[in-house]
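Asks: Sharing a structure below in structure tokens format, with a few things to ask.
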Amino acid sequence: MRLFVAIDLSDEMKKELVGCMHDLKRQGVEGNFVPAKNLHMTLAFIGEYGDPGRVKEAMGKVPMPEFRLSLAEKGNFGDILWVGVKGNQKLKTYVKDLRAALAADGIPCSKDKFVPHITLVRKCSAKKSYQMQVPKADMMVKRAVLMKSERKDGKMVYKEV
């Protein structure tokens, strides 16, 4: 089972991000746009792992602080286009502690530097320049969720475990 810990976004924030993606499409941006139901922020990517209960136990050892998540910037990792969030020390501390708890329990997880972002487009390309307006959206975060990704009918589907 392919697992990751994430923040599931509010319907309002997803709606704002979908509007942003529609605007990019109107400007001729092409690529694999993330479906609204799959929009999330990954906190710890675990990958193939067969014991979700053990992951949830490790997650339970790290209290999730409540905080406001506000969209603030845009960026890319190569051909991946994303929207970032305002600096949030509570989020960064939680991710550091979460990853440490997973590692302490022998659960493999990504060791990449945490860059808080929400992926909008993979394999992004455009024949002409475009402008991406970051929506003014925010939400209260109260919990992290364990998600699994599966390929169904050729498309990735993310579900809470």
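Here the Cβ of each residue, glycine as well, is placed from N, Cα and C on the backbone.
These came from TrEMBL, pasted as-is:
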ACT_SITE  His40  active site, proton donor
ACT_SITE  His117  active site, proton acceptor
MOTIF     40-43  motif 'HXTX 1'
MOTIF     117-120  motif 'HXTX 2'
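Would you situate these features in the structure and describe their surroundings?
Replies: Counting only same-chain residues six or more apart in sequence, the Cβ atoms lying under 8 angstroms from the Cβ of His40 (active site, proton donor) belong to Ala6, Ile7, Asp8, Leu9, Ile118, Met147, Tyr158.
When Cβ atoms from all protein chains are considered, those within 10 Å of His117 (active site, proton acceptor) total 19, not counting its own.
If you look at the motif 'HXTX 1' (40-43), the same-chain residues 6 or more away from its ends with a CB under 8 A from one of its CBs are 4-9, 69, 85, 94-95, 98, 114, 116-118, 144, 147, 158.
Here the motif 'HXTX 2' (117-120) returns a mean pLDDT of 97 for the predicted model.
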Asks: Would you mind splitting the motif 'HXTX 2' (117-120) into helix, strand and coil residue counts from DSSP?
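Replies: Output for the motif 'HXTX 2' (117-120) reads 0 helix, 4 strand, 0 coil.
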Asks: So, three-state DSSP: helix, strand or coil for His40 (active site, proton donor)?
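Replies: SS state of His40 (active site, proton donor) = strand.
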